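In Swiss-Prot this protein carries:
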- 23-48: transmembrane segment (TRANSMEM)
- 49-163: topological domain 'Extracellular' (TOPO_DOM)
- 164-182: transmembrane segment (TRANSMEM)
- 309-328: transmembrane segment (TRANSMEM)
- 329-360: topological domain 'Extracellular' (TOPO_DOM)
- 361-386: transmembrane segment (TRANSMEM)
- 514-534: repeat 'LRR 1' (REPEAT)
- 589-609: repeat 'LRR 4' (REPEAT)
- 636-657: repeat 'LRR 6' (REPEAT)
- 753-774: repeat 'LRR 11' (REPEAT)
- 799-820: repeat 'LRR 13' (REPEAT)
């Protein structure tokens, strides 16, 4: 037989799960244990003491002969006579009188013991009558027959419920126990419950929860008591805060919403280092991540809720079933029973009267069991009422939001909501503390504290570098926010914030008086009102790199003193048909607009800044730019770059830009430039860059663009240079590198103002002597050609500072290179063996640049 502890273990759950057991579940668990005890007690009693005792019902005599009076002399007859009489009675006599014997043991013994001996003297008949004969009735059954009939009548005469009540009660109780805790055992729900309880316990014990709640208490108290200074209020609200000499807590803090009197700054900045150490901070940040993932995992289903409802319905149905059939058997349990086993051929009797010694005990236990199951059932009905009375698949933290400063705690749904409702039945404080870890404001505060603890002023100083413009630059990458110490770097010129989604710029940025350039790379920074006012007046250059237009902060379009704006991101996806630059008209001082995207047309909104825009750059990343009409309105643009726009011809809209000075059409598909004659109307055009295209020839009409000073045709398919190019007397820079040019015309000598000539990567084999008449040349790149000799007249280029000859077919260098006094070894790009062919004095002259810095430094 099993013990009570072994069966009761079915009702056991992990101690940590008790927070998910409301009072009715606990009460039903105890009732189940009581029912289990009743069932086991009844079963034990039945196995050890359950007996049925039966006696035959003897027939009554029908006449006086059939019955011998107790004092009759026939009673004293010998045993054989009595046996014969007994046999005679068994064969044919019937009677209506029923008598019960006093013994169920062997009938021979009482017969010999109860009848008087026949050798007594009978002198006095009266004395004999005073000594009564035994009144019991003889059955003449032996012991085995009684055992047999007791067993037969136990199974035939007793109601089945009297025999199986303990076992049925035990089975019903076990089913109820399993039903009560099935949601703790079923794998698909058990895993979620276990995870929830684990996270809930950690959130409850986390120091960050205590700190956050203390901050909330301080903030609420300060809002109600604005009359108290920080030195008086801080010891009252923050028992673990810093020393009494801390700054006043009533100092107003300016944020995005305006002025706010609170003890927030002392509570966050000073006590955070003592209340929340680095280890606790890391654990709290891990908890936020766990809560976020658990919410996403649990909120998408309601399996736990449905399973709890199903098991409650099963328990209720079980209660109704038990109550209905059990109540019918209460009256069926009785002490006396009549048994007709139909074994006359074995026993000689047809009817037996039986007694059940456990009847009264079983009846009382059954009534007790019914009473307990009724209480159990009423609790089940109450549970169903609770389940369907309120929407348990929705949980609102409205009360927590009202009591705390975390107004962003979201409402939850489905299984997450149901678990929180169950926890509320245990202790609502768990949900309140758990809600802190659902708040983004709380998480941001934690990140801010940890961030400021890690990124101190000294550490930020070590990360400052100087950029190409010799400005102090700080680059912060993938942080949880912007450390407060950044805004103490008052001499910083450039600030780069990359991949910081929660970046906030406080009013302290007004201390950075040297800050003029800001980079926001995938960083939709939020600014406070005071910070915005400072940026609006002082910021000159802004770089914004984004994936979606929504990442461009709205305040960017309101920086009235901004001079340069760089926008890099996708502006032509399915969600971004038009660039969101509606507010560019507020950028009254914008001079340079750089857009690197994938536009199909020039946004019309750019015309809002047309009156003062001087430079427009569009890098289109290979997307074909189809509509360029908006360019016609940009009359003041001096520099225009349309790179990688898949243009096949020079856009006609460009010819309307009368103030255009520099045009860059790099990396397009331009094959012909017959429209170049129209550039003669652009009187100020001095630089034309048509490099990295597919241009085959330069039309002679280029001679009409007389003001050109720089001409770039590198990386095209040119095979020759037209004479018209050399009629551009103002030309200072000519770049025809990486083409198929095989000859340099002798007319090149006409370019008396030429300073930079690039012919690298062509097929030139001979250098005309007229080339060296361009005595103003400073840069001459002739690498990767087929040149076999360098004319001695190269010595006429006295201003030459860079000469590239590498990759040719030269066998020596002329000694006249020594006459190029501005040329040094660092500016001479040539193979080492060719350099060694120079005379020693020439090599020494070229190497003087190595010693000059040392001489200057002494």
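Glycine too: its Cβ is placed from the backbone N, Cα and C atoms.
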- Task: Take the topological domain 'Extracellular' (329-360) and find every residue of the same chain, 6 or more past its ends, with a Cβ under 8 Å from one of its Cβ atoms.
- Result: 45-46, 49-58, 90, 98, 100, 139, 141, 145, 148-150, 152-153, 156-159, 161-162, 165, 366-367, 370
- Going along the chain, which residues at least six beyond the ends of the transmembrane segment (361-386) come within the CB cut-off of under 8 Å? 24-25, 27-28, 31-32, 34-35, 38-39, 41-42, 45-46, 162, 165, 169, 172, 176, 312-313, 315-316, 319-320, 322-323, 326-327, 329-330, 333
- Query: Under DSSP, the repeat 'LRR 13' (799-820) has how many residues in helix, strand and coil?
  - Reply: 5 helix, 3 strand, 14 coil
- Message: As a quick check of your reading of DSSP, tell me how many residues in the repeat 'LRR 1' (514-534) are helical, how many are strand and how many are coil.
- Response: 6 helix, 7 strand, 8 coil
- Note on the structure: Secondary structure of the repeat 'LRR 6' (636-657) by DSSP, residue by residue, totals 5 helix, 5 strand, 12 coil
- Task: Averaged across the repeat 'LRR 13' (799-820), what pLDDT does the model get? Just tell me the whole number, please.
- Result: 93
- Message: Counting by DSSP secondary structure, give me helix, strand and coil numbers for the topological domain 'Extracellular' (329-360).
- Response: 6 helix, 9 strand, 17 coil
